[in-house]
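Chemist: Relevant sequence annotations retrieved from TrEMBL are reproduced here:
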- Gln85, Gly103, Glu104, Gly105, Lys106, Thr107, Asp514: ATP binding site (BINDING)
- 1-612: domain 'SecA family profile' (DOMAIN)
- 87-265: domain 'Helicase ATP-binding' (DOMAIN)
- 439-594: domain 'Helicase C-terminal' (DOMAIN)
Amino acid sequence: MRLLHNRCRSTPSLRDLPNHVAAIRDAQSAIQRSDRETLRAHTLQLREFVQRGAEVASPKVLALGGALVCEAVAQVLGKSLYDVQLTAGIILAHGAVAEMQTGEGKTLSGLMPAVLHALSGRGVHVATPNTYLATRDFETLRPVIEHLGLTAGCLSDDADHGQRAAAYECDITYAPGYAFGFDYLRDQMALRSTAGGRLGDQLRQRLRGAASETQLLQRGRHCAILDEIDHVLVDDATSPLILSAAGDREAPDAAIHQAAKQIAATLSAEEHFQIAPDGSGLELLPAGIEAIYDDSAPTGDPQLRRAWHEYVHLALRATHQFHRDVHYIVTADKVRIIDASTGRVFDDRTWNDGQHQAIEAKEGLRITTEQTALARITRQRFYRMYDVLCGMTGTAAGCAAELNEFYHLSVVEVPLRVPSRRRTLASVRCTDIQEKRNRIVDEARNCQRRGQPVLIGTHSIAESQQLAERFETEGLRFELLNGKQDADEAEIIAAAGRCGAITIATNLAGRGTDIHLDADAAAAGGLHVIITQHHAIDRVDRQLIGRSARQGDPGSVRFYYALDDPLIRQAPWIARWLERQIANPSDHSDRDSQRLANMIAKLQVQHQRRQASLRRDLLQKDLATQNLIVKPRTRSAQGIEK
Ligand SMILES: Nc1ncnc2c1ncn2[C@@H]1O[C@H](COP(=O)(O)OP(=O)(O)OP(=O)(O)O)[C@@H](O)[C@H]1O
């Protein structure tokens with residue numbers, strides 16, 4: 001067991017962790033095979049004890065609470081919690097983060113701290129990266145929670161006000177991380193519309209006991225348990241949460257977006273604008289501004305919401321930085337955003353500050369009115385408001401310092417339950433994407449012949465579709481999981497570990513996806529993961545790798561590289577090295593694979609630093625203003641609106 005950085009207030013004592021586990025085991029033997037009513041009576045007693053002031057992380061509460069959860073899991077799910085799961089649960093009960101490798105059983109580990117923190121009667125919010133995982137965890141764990149006499153609710157995306165409020169009344173509420181933030185903003189808007197005044201004042205009044213007629217959704221922010229905490233607090237935290245008034249009418253400035261699109265098509269890179277080498281930014285050059293402000297510039301138009309050159313800038317970004325089937329899809333004449341690290345498609349989100357409209361113009365769709373931002377908050381500021389914040393992930397290494405700096409969280413590494421049997425195979429280096437596809441097809445075919453299931457992780461819907469076309473031409477049996485497929489996601493995942501299965505997927509098959517092997521698949525070597533190219537965030541790669549060799553199963557992983565990979569093109573020194581390697585194929589050794597992996601890791605670290613610095617700026621600005629309300633016509637940071 002290891003602490004990944006400086007100790008802070010809520011760090012558990014590493015030396016005491018095994019003693020707590022032993023105490024839970026002892027306490028469980030005393031209540032083993034008790035009937036449901038007895039377990040509920042014990043829970044009630046413990047609840048009273050906590051509500052009289054006992055600490056959740058005190059030895060007595062941990063021992064009895066842990067024992068009750070273990071016994072309920074055994075009776076309802078027929079499973080016995082592993083020591084590593086109890087250890088992780090104890091770390092969370094202290095208000096810290098447990099790094100537990102992928103597949104080690106985090107879903108069940110999070111149950112004990114959820115129950116313990118719920119004993120206060122003030123509600124626990126369990127946040128997951130997406131609705132699919134929130135629903136799955138809720139459905140699995142609700143019977144256990146109810147067995148102990150507690151209640152559980154889940155926020156579905158389409159739940160109305162009443163259903164949401166009912167879910168929040170429960171002891172434990174499951175939802176995707178962003179849903180808690182948006183509901184907080186909704187409550188703040190409701191308070192403001194009934195009474196006026198500064199956002200937050202009314203809530204403070206209500207917490208002090210003053211009467212309020214407003215029907216709020218949330219009971220407050222006592223405890224948040226974040227599954228995949230690095231996704232919720234780091235990856236997702238690059239954009240703020242912005243609550244907006246729906247705007248589905250034709251935009252008054254639609255003609256201006258169209259004109260901007262036409263002008264943008266006449267401008268050229270390097271002469272009029274410049275794109276950052278990593279593709280992250282696009283800057284207009286003086287010659288570009290000059291070209292934009294010619295005689296035809298609609299500068300006096302009353303419909304202009306921003307300066308004319310900003311419209312053209314948006315149109316340029318829409319063309320060069322936002323790609324269909326990579327950043328968004330178009331269905332039913334609507335632009336729908338794809339989440340970069342999870343591959344999920346969001347139906348009800350839009351990019352803000354006119355970017356969405358510029359993309360609609362590019363795609364030849366009806367240009368909708370920009371949504372009016374009503375309230376906004378950074379996820380960093382929102383989650384810092386909880387009395388207790390804790391969570392778990394398989395990939396905290398690499399962002400432990402940020403969790404510590406922004407959220408004052410300690411990260412404790414929990415060891416593997418059984419040694420990993422995952423084999424990392426020598427990477428494959430190709431001249432271009434075509435060669436890469438051919439070699440992936442060959443490898444997948446060989447695996448299928450010997451019965452080994454294969455998961456091929458691609459970067460985008462577009463890449464997954466292009467690969468799928470190749471597989472179709474070759475007559476190979478495969479499934480496609482990219483959010484656009486007709487078949488149910490859960491069914492595809494359930495079949496992905498069967499003997500001879502080939503699954504081509506986006507990051508949808510990453511975090512949280514639990515692929516079960518059948519006996520023949522295990523005998524054939526377990527799940528083989530092919531990664532078609534590195535992600536800029538190494539944790540996304542590690543999550544995909546983590547679909548194989550879970551809980552001591554066999555499994556393997558192989559990376560593919562090509563000279564035209566976007567990440568390699570950003571790093572000429574890697575491209576040169578790779579070219580030399582391709583020219584001397586006989587020289588490939590494990591050491592070379594490792595060297596290449598190290599070079600890519602350096603790029604990923606640089607990317608992560610840049611992103612962390614953006615998040616730091618975002619939080620500092622948010623903390624400096626302390627505003628939740630968005631003043632009309634002010635520009636906000638690039639975010640995603642709902
Ligand atoms: N105590 C247990 N006994 C038996 N099976 C278990 C136990 N705990 C977890 N499992 C099984 O192990 C598998 C992995 O669990 P889970 O999906 O919770 O892992 P995870 O750590 O969340 O993985 P990921 O990091 O990929 O999200 C599941 O099939 C689960 O049912």
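Glycine is no exception: its Cβ is also placed from the backbone N, Cα and C atoms.
Whatever TrEMBL says is automated annotation, not expert-curated.
Here the structure is a predicted model, which means the values were calculated and not measured.
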Chemist: Hey, for the ATP site built from Gln85, Gly103, Glu104, Gly105, Lys106, Thr107, Asp514, who else sits with CB inside 8 A of the CB center?
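Modeler: After dropping the recorded site residues, what remains is Met100, Leu108, Ser109, Arg550, Gln551.
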Chemist: Mind checking which of Gly103, Gly105 has the fewest other CB atoms within 10 A of its CB? They're the binding-site residues.
Modeler: Gly105
Chemist: Which number gives the other C-beta atoms within 10 angstroms of the C-beta of Lys106 (ATP binding site), all protein chains shown included?
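Modeler: Excluding its own Cβ, Lys106 (ATP binding site) sees 24 Cβ atoms within 10 Å.
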Chemist: Could you find out if DSSP has Gly103 (ATP binding site) as helix, strand or coil?
Modeler: coil
Chemist: Validating a neighbour-count step here. Other CB atoms within 10 A of the CB of Thr107 (ATP binding site): how many?
Modeler: 17
Chemist: Tell me, how many other CB atoms lie within 10 A of the CB of Asp514 (ATP binding site), whichever protein chain they belong to?
Modeler: 15
Chemist: So what pLDDT does the domain 'SecA family profile' (1-612) average out to?
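Modeler: It averages 89.
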Chemist: Give the helix, strand or coil assignment DSSP yields for Gln85 (ATP binding site).
Modeler: helix
Chemist: Cβ distance under 8 Å to Glu104 (ATP binding site), same chain, sequence separation 6 or more: which residues?
Modeler: Val84, Gln85, Gly394, Val414, Leu416, Arg417, Arg550, Gln551
